[in-house]
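Listed in Swiss-Prot:
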DOMAIN    3-167  domain 'EngA-type G 1'
BINDING   9-16, 56-60, 119-122  GTP 1 binding site
DOMAIN    177-350  domain 'EngA-type G 2'
BINDING   183-190, 230-234, 295-298  GTP 2 binding site
DOMAIN    351-435  domain 'KH-like'
Amino acid sequence: MKPTIVLVGRPNVGKSTLFNRLTKTRDALVADQPGLTRDRHYGIGRVGDRDYLVVDTAGFDPVAKDGIMHEMARQAEQAIAEADALLFMVDGRSGLTPHDEQIAARLRRAGRPVYLVVNKSEGMERTMVAAEFHALGLGDPLPVSASHGEGVKQLLDLVLGAFPPDVEPEEDEGRTPRIAIVGRPNVGKSTFVNSLLGEERVIAFDMPGTTRDAIAIPFERDGRHYTLIDTAGLRRRGKVFEAVEKFSVIKTLQAIEQANVVVLVLDASQDISDQDAHIAGFILEAGRALVVAVNKWDDVDDYRRELIKQDLTRKLNFLSFARFHYISALKGAGVAAVMKSVDAAYAAAMVNLSTPRLTRTMQAALAKQAPPRHGVFRPKMRYAHQGGNNPPVVVIHGAALDHVPTSYVRYLERTFMEAFKLQGTPLRIQFRTAHNPFIGKE
Ligand SMILES: Nc1nc2c(ncn2[C@@H]2O[C@H](COP(=O)(O)OP(=O)(O)OP(=O)(O)O)[C@@H](O)[C@H]2O)c(=O)[nH]1
Ligand SMILES: Nc1nc2c(ncn2[C@@H]2O[C@H](COP(=O)(O)OP(=O)(O)OP(=O)(O)O)[C@@H](O)[C@H]2O)c(=O)[nH]1
């Protein structure tokens with residue numbers, strides 16, 4: 001499970017600046033997807049081989065009692081409650097303020113590890129910066145400069161060092177697909193889960209409750225085994241499951257990270273919102289296989305159906321690798337079709353691609369359309385092999401591969417996906433440039 005790091009501090013101390021630095025996307029090519037807008041408050045980060053989630057509680061103000069400030073405070077409270085580590089940011093240039101003291105008082109009661117981060121401390125004497133903030137009683141002040149990047153690596157090492165290493169579960173053949181059903185509030189997730197699990201067998205359903213891990217519900221459908229990653233603390237009441245917790249972005253993101261296949265539920269009776277697009281963006285960034293279920297199809301007329309299809313094309317074009325289904329969870333219509341696509345997407349995400357076939361496919365693509373020259377360099381691609389699953393990673397070896405344009409990478413992605421008939425999973429390409437002086441010479 002990825003640790004969740006939550007940034008707290010009064011306005012203007014540099015939270016967004018640190019957030020941006022901590023979530024510089026792990027994969028620059030993903031960030032280049034047309035139409036993908038990143039959420040400004042929730043992000044995925046990586047240092048070395050460790051992933052983590054970052055939440056920026058911009059606007060957190062424990063003093064605000066009403067209006068929009070109150071709503072933001074409520075969201076910040078939820079984030080604090082779900083945090084694994086809290087980074088309390090203060091401003092080393094303006095010094096300690098009463099507002100800082102109020103926030104500190106709140107955080108001392110949070111029952112979570114708090115790191116006191118003194119920002120804007122570039123060019124300042126370390127002991128000087130730290131001195132006055134010691135008074136907050138939150139341990140050693142940690143000087144950083146978010147805008148210059150100083151001290152950020154050390155901070156991350158300290159914070160992440162407190163968590164056990166994240167061991168990815170072995171993806172052997174005997175494993176069952178892990179599925180997460182996600183979507184914004186009220187789109188019909190619980191209804192979908194009930195339709196899915198209702199008449200099917202739920203195998204031994206125990207709830208640990210105390211572990212950090214999300215609850216997993218094993219079930220069987222048409223003779224196949226799956227594990228449902230729960231996003232909202234589903235509890236069984238009689239024959240149906242219902243959510244016992246409010247919608248949680250953090251739990252949604254963690255479920256996405258832990259799943260093999262994500263079912264993104266959308267509401268056909270509403271326009272695609274920023275929140276839908278942000279959740280979709282995370283699924284892509286996390287590299288998860290995906291099936292989109294456009295729900296409440298029973299509730300909309302032909303005109304509305306046409307509109308929602310246009311809206312989907314316009315706003316979620318970057319999900320074109322996924323299969324879309326138009327369903328009614330309430331009537332159970334389309335749920336079986338969604339599960340067929342889940343199976344196909346899982347198979348695609350876990351595919352084994354042989355080196356000779358990958359290399360042949362790559363060579364055919366090169367023959368059809370060569371990568372463009374970059375200055376005096378002509379990229380040379382020698383061979384390809386598979387570098388991972390979920391998503392499948394194709395590693396291409398060669399020379400002068402640093403400047404292959406995004407459009408060409410997309411062309412290669414499409415070529416591999418079509419050649420191997422991969423449906424429902426994104427595919428990543430990585431380049432390895434050999435530093436052998438003889439490679440790349442004509
Ligand atoms: N000198 C210096 N300035 C910084 C540093 N980090 C951020 N700033 C500046 O501080 C100002 C506020 O930064 P933001 O990241 O927007 O602060 P914030 O805490 O997100 O503010 P809110 O969104 O209002 O909560 C900006 O002008 C930044 O350029 C730093 O390390 N050193
Ligand atoms: N017409 C119609 N209504 C539906 C359908 N699916 C769900 N609903 C209704 O939409 C509302 C929300 O459904 P839920 O399943 O509770 O939605 P949710 O996404 O789990 O909501 P949260 O728990 O708030 O995240 C309920 O009133 C459902 O009856 C559908 O296929 N058609």
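Keep in mind that glycine also has a Cβ here, set from the backbone N, Cα and C atoms.
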Proximal but sequence-remote residues of the same chain as Asn186 (GTP 2 binding site) (Cβ under 8 Å, at least 6 apart): Asp267
Cα separation, Ser121 (GTP 1 binding site) to Thr231 (GTP 2 binding site) (Å, whole number): 39
Neighbourhood of ligand 2 - binding-site residues from Asn12, Thr57, Trp297 with Cβ under 6 Å: none
Proximal residue to Ser121 (GTP 1 binding site) among binding-site residues Gly183, Lys189, Trp297 (C-alpha distance): Gly183
In the chain carrying Lys15 (GTP 1 binding site), residues 6 or more apart in sequence that have Cβ under 8 angstroms from it: Leu7, Val8, Gly9, Asp56, Thr57, Ala58, Met89
Spatial separation of Asn12 (GTP 1 binding site) from Lys189 (GTP 2 binding site) - C-alpha basis, Å: 38
Length of the line joining the Cα atoms of Trp297 (GTP 2 binding site) and Asn12 (GTP 1 binding site), in Å: 45
The domain 'KH-like' (351-435), counted residue by residue under DSSP: helix, strand, coil: 28 helix, 24 strand, 33 coil
Cα separation, Asn12 (GTP 1 binding site) to Gly183 (GTP 2 binding site) (Å, whole number): 32
Local Cβ density at Gly183 (GTP 2 binding site) - other Cβ atoms counted within 10 Å: 25
